[in-house]
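Engineer: Provided herewith is a single structure, encoded as structure tokens, for subsequent inquiry.
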Amino acid sequence: MHDNMSTMVYMKEEKLEKLTQDEIISKTKQVIQGLEALKNEHNSILQSLLETLKCLKKDDESNLVEEKSSMIRKSLEMLELGLSEAQVMMALSNHLNAVESEKQKLRAQVRRLCQENQWLRDELANTQQKLQKSEQSVAQLEEEKKHLEFMNQLKKYDDDISPSEDKDSDSSKEPLDDLFPNDEDDPGQGIQQQHSSAAAAAQQGGYEIPARLRTLHNLVIQYASQGRYEVAVPLCKQALEDLEKTSGHDHPDVATMLNILALVYRDQNKYKDAANLLNDALAIREKTLGRDHPAVAATLNNLAVLYGKRGKYKEAEPLCKRALEIREKVLGKDHPDVAKQLNNLALLCQNQGKYEEVEYYYQRALEIYQTKLGPDDPNVAKTKNNLASCYLKQGKFKQAETLYKEILTRAHEREFGSVDDENKPIWMHAEEREECKGKQKDGSSFGEYGGWYKACKVDSPTVTTTLKNLGALYRRQGKFEAAETLEEAALRSRKQGLDNVHKQRVAEVLNDPENVEKRRSRESLNVDVVKYESGPDGGEEVSMSVEWNGMRKMKLGLVK
């Protein structure tokens with residue numbers, strides 16, 4: 001029998017082990033309900049026994065009732081204990097449910113974080129791949145960089161970089177004004193020469209400029225050079241009004257003031273107004289001074305420059321030719337000012353593709369400069385450089401190369417004497433390095449290839465441009481070692497020039513910081529400084545920067 005009872009208990013325990021949590025909770029609730037009902041029933045019986053006990057006397061029957069009451073109290077205690085344990089089980093079940101719910105939330109968070117981590121890993125891998133591709137592209141671009149620089153050099157081989165114009169150092173320019181007076185001269189020089197030039201004009205033109213007009217003229221120049229057009233323009237207009245009242249419209253003084261006002265308008269980019277004023281001044285000078293007067297040639301040249309600035313090369317060419325004819329007639333065909341006019345005319349023709357005429361004009365100007373000013377005059381090198389640019393445009397690379405070498409050789413001879421085996425110009429060293437590049441490769445500095453480019457004594461913009469252009473030509477021929485030699489020499493020369501400019505600016509700041517600050521503020525606004533010059537004929541002219549074809553920036557010098 002004992003074995004049977006053990007088997008029954010084991011079967012019951014096995015059944016309990018197979019119950020789910022929900023089934024256990026449900027069974028527990030049923031047990032609680034049963035225990036509550038049994039407890040209520042025992043309480044009723046106990047109350048009934050107690051009331052019966054009150055009615056009975058103390059005898060055997062009352063003892064029996066007390067014994068029953070005692071048993072029922074014990075049963076109630078056991079029922080209450082069972083209820084307490086059942087409630088504890090319910091509370092524990094609720095707690096387990098809450099723990100399970102929190103565990104599920106944490107698992108969901110873990111899954112989400114794992115997904116985010118995987119996404120970040122994928123993004124990192126993609127970024128690393130892109131970075132690797134970018135580095136490969138950069139390496140390829142570095143390999144092609146020198147070739148692309150060479151292609152760019154072909155487009156701007158006639159770029160003439162002035163060390164004092166750092167901003168324009170990389171822009172392509174047609175050096176029209178390179179043969180004319182330097183644009184960077186002190187504007188005050190032109191102001192100081194006004195009285196002497198006005199006197200010469202009075203002698204040649206047969207009229208005398210009033211002192212008041214000369215004063216106004218100088219004031220306008222001063223204000224315009226400072227960029228104070230709001231003052232310069234009213235001064236010109238007031239002077240014009242007074243002159244027309246006293247002398248009439250058709251008077252040389254009126255033409256002079258019209259020319260000055262036109263140049264002020266030109267600097268403000270008011271080209272249409274400037275052209276109208278110059279045409280009016282031209283008509284007055286032709287009427288009062290004659291069609292072949294030098295002042296007429298100056299006005300014609302100013303008007304041609306203005307048309308060239310607007311890209312109207314065909315309209316500018318006949319004006320420039322007429323100015324050339326007047327200068328040849330008055331000054332002679334071999335005068336340096338005629339050569340300046342020839343250079344203006346050559347560039348106008350070059351922008352129209354008339355290369356045969358360009359060659360003729362440049363060659364003629366070169367002959368005049370060499371004859372009248374000597375082979376060492378800066379205008380000779382500049383004209384050769386312009387002529388070489390014309391050759392390059394036509395594909396005449398051999399002729400261009402010859403001119404470039406002549407410029408560099410002459411620059412070397414001026415500084416270090418005649419060329420021999422121990423004293424060679426830079427282009428010879430460059431070609432020697434090209435020939436020896438397969439035999440030896442050294443990192444020699446340029447100090448071993450002559451001293452003029454290392455010392456930067458020959459640091460003119462023309463020589464710097466020639467170095468760059470000849471270097472571009474070498475690249476076209478596949479002479480990369482020679483090209484690098486010239487390009488590095490040009491870079492050093494330009495750097496030395498910029499250092500000199502910085503030192504000069506520091507000195508200017510120390511001497512007169514207020515004026516320098518004003519000029520810097522004007523330069524920051526890209527306002528060109530107007531420089532008026534009066535020739536011996538009394539014609540006011542200006543050196544101006546001219547935009548050609550929207551890309552090339554050229555300097556049109558207004559010759560006298």
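The backbone N, Cα and C atoms fix where each Cβ goes, and this holds for glycine too.
From Swiss-Prot, here are the annotated features:
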type: COMPBIAS; residues: 156-176; note: compositional bias 'Basic and acidic residues'
type: MOD_RES; residues: SER162; note: phosphoserine
type: COMPBIAS; residues: 188-203; note: compositional bias 'Low complexity'
type: REPEAT; residues: 297-330; note: repeat 'TPR 3'
type: REPEAT; residues: 381-414; note: repeat 'TPR 5'
type: MOD_RES; residues: TYR449; note: phosphotyrosine
type: MOD_RES; residues: SER460; note: phosphoserine
type: REPEAT; residues: 464-497; note: repeat 'TPR 6'
type: MOD_RES; residues: SER521; note: phosphoserine
type: MOD_RES; residues: SER524; note: phosphoserine
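Are these features on the surface or tucked inside, and what are their neighbours?
Structural biologist: For the repeat 'TPR 5' (381-414), the DSSP counts in helix, strand and coil order read 31 helix, 0 strand, 3 coil.
Close to SER460 (phosphoserine) in the fold, though at least 6 residues off in sequence, lie PRO378, ALA381, ALA411, each with a CB less than 8 Å from its CB. In the three-state DSSP assignment, the secondary structure recorded for SER460 (phosphoserine) is coil.
Across all of the repeat 'TPR 6' (464-497), the predicted model scores a mean pLDDT of 83.
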Engineer: By DSSP, how many residues in the repeat 'TPR 3' (297-330) are helix, how many strand, and how many coil?
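Structural biologist: The composition, in the requested order, is 31 helix, 0 strand, 3 coil.
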